[in-house]
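Annotated features, as they stand in Swiss-Prot:
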type: BINDING; residues: Asp55, Asp57, Asp59, Asn61, Glu66; note: Ca(2+) binding site
type: COILED; residues: 290-403; note: coiled coil
type: DOMAIN; residues: 10-100; note: domain 'EH 1'
type: DOMAIN; residues: 42-77; note: domain 'EF-hand'
Amino acid sequence: MSNKRIEQSEIEKYWEIFASLSNGGTHLTGAQAAPVLKNSQLRDEQLERIWDLADVDNDGNLDFEEFCVAMRLIFDLVNGEYADVPPALPDWLVPESKAHLVQANRALTGRQVQFERVEDDDDTPGLKDGFDWYMSPSDKSKYEEIYSANRDGRGDITFESLDTLYSSLEVPDTDIRSAWNLINPSAAPAISKDATLAFLHILNNRHEGYRIPRTIPPSLRASFEKNQIDYQVDNQRIASPAQKWGVTGGEETSTGRKAKFGETYMSRLGIGGKSSYRPAGTDFSGTKTTEDWEEVRLKKQLAELEAKLEKVESASAARSGGRRDTKPALVKRELEQLLDYKRRELRDLESGEGKSKIGASLKGVADEIATVKEQVDALEAHLRTREQVLEGLQQEIENEKSSR
């Protein structure tokens, strides 16, 4: 039996949304609920099916319980819990007050709940767990070069545009398509720069022997699923299955001698190293990533520093008279280097120099300046706290030395 349920914190959040939309009423019409539902960026036909599932009593409106059901279905779809809208409402999502209606409907239609099909790749031999969304600067630079060499006139990437890259990797076709579907749940014919970087990062890790993740962190998904107006009429036409789901007419990716991700491919294009290759057109690859990506990287760096400081504190607390190697100066220097890097980013953004000089809109630069300022303030406060901790530890060490 599934242990899934809607948590109390979710219910309280949904109630705030419901109350603001219903203006004190007990039900929401389609017009009232539409703005919130469409913010999910799901396709209209998916939202229609979600509405039909959530409207258990079939009155054409959603009461609060039904609204909670609809919001949870949307949340799970956006976060990759479902590949598509389920054909029937899962038992754990059926409101208790309406369970009899669902049972009666199933009895009349003869429709039974189907088991959800989960693609499990745990039986693939030799693959490792522990996929990490953090992109090192060298990896990110490599991804951006591949993106710049293959983007179209609108700055997007299609699945077919990277065929040559696929053939240079030791990654099965099924995994390549799984990665594409993961970062492109709306089955769009092309993806944006941020989504492309995430796609290449997944392929890189799979090439290195890590399993493809099943979900994308919400903060990362939001960074490449922002609502953007598409002025191209041809993009509104129905895309082929190959464009939507990364199916290339039955072709299989060939594999060869394993090399570092993208090296063979970039060598063919003349990218990287001392090559003079420059992609045609305006290069927006220098535009800084969103604060969501930066937040992930910064949190990882801070977690590593926290772990080092924790080791220092543990060694001091459990000292037994032996020689300790706490290296507080090294930890302090790493924190200072991280702060210096953020300050340089802030100066570049304010002066319009460096990477922010190309392709960044005024609004985007202002947002990034505010984000970096907040990060610098937080890091400075964090550094001051840790400096005090280090000073205390150093004082304890000196006291112990003097007492011997």
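The backbone N, Cα and C atoms fix where each Cβ goes, and this holds for glycine too.
In terms of local Cβ density within 10 Å, Glu66 ranks first among the binding-site residues Asp57, Asp59, Glu66. Cβ atoms within 8 Å of the centroid of the Cβ atoms of Asp55, Asp57, Asp59, Asn61, Glu66 (the Ca(2+) site) belong to the same-chain residues His27, Ala54, Val56, Asn58, Gly60, Leu62, Asp63, site residues excluded.
Listed in sequence order, Asn61, Leu62, Glu66 are the same-chain residues at least 6 apart in sequence whose CB falls under 8 Å from the CB of Asp55 (Ca(2+) binding site). This prediction places the mean pLDDT of the domain 'EF-hand' (42-77) at 88.
Note: the domain 'EH 1' (10-100) comprises 56 helix, 2 strand, 33 coil (DSSP; helix = H, G, I, strand = E, B).
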